[in-house]
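J.: Take this structure, written in structure tokens, and hold onto it; I'll ask about it next.
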């Protein structure tokens, strides 16, 4: 097993991720949004922690990722960074911080990196944002790309269904993947696309390709931490594997606490000063 579980406490870097791909070692990636969860995820040996704009859904209860602000992403980024020693930490640039023009994107990227102390940034899109990606990387900030289903474009798609099933969209995705690598991206996320397409992209690129709902032929996997821990209910996409049922565990524990307080069982004599 990776990370602290095997005694490997070296800091994960973008270069180390490339080395992992070269030797065929799969990359593990999970989201985190706060200090406590980041400590747990990092301590378990996860290679990459994504401070995702999915915080908009998970932490704030919004229907989409669109409402989250740069200030909120910086808050979550700072919180996660305080809890991490080993993992590479990537912060999502939220919707509206890089779509207007490249210079706006660079300014916001600098702000996020300076204020969070994160290791890298993630942007959604291909050819349409390539100039922004180049300028951010040119300013010294590592960028992870994101293609396939792009939640920041949900109003354009109108649905969260699998992307790139048709030849034209698949061919554009392949072109965009190569453009992002050529622009200098250190890694690429592929979300909810056919497994064979994702496998082809991973085989054609020299940078790591990390999938979510993109099959097992890529270089690593990413999930939303609250989903894989079973903290959320009513969300069961085909690609999700739940490793625990924390929703039930936590509900039962809190219910027991309520019962103990109501019955005056808590606190008992040993729990008082």
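From the backbone N, Cα and C atoms, a Cβ is placed for every residue, glycine too.
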J.: Would you identify which residue of 92, 101, 167 TrEMBL lists as part of the Mg(2+) site it also attributes to 53, 124?
T.: 92
J.: Using the alpha carbons only, what distance in Å do you get between residue 92 (3-methyl-2-oxobutanoate binding site) and residue 191 (active site, proton acceptor) once rounded?
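T.: On Cα coordinates alone, these residues lie 15 Å apart.
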J.: Work out how many Å separate residue 54 (3-methyl-2-oxobutanoate binding site) and residue 191 (active site, proton acceptor) at their Cα atoms, rounded off.
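T.: On Cα coordinates alone, these residues lie 13 Å apart.
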J.: So how many other Cβ atoms are close to residue 122 (3-methyl-2-oxobutanoate binding site), meaning within 10 Å of its Cβ?
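T.: Taking every protein chain into account, the count is 21.
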J.: Taking DSSP three-state, what's residue 122 (3-methyl-2-oxobutanoate binding site) in: helix, strand or coil?
T.: strand
J.: Which secondary structure state does DSSP assign to residue 53 (3-methyl-2-oxobutanoate binding site), in the simple three-class scheme?
T.: coil
J.: What does DSSP say about residue 92 (3-methyl-2-oxobutanoate binding site): helix, strand or coil?
T.: strand
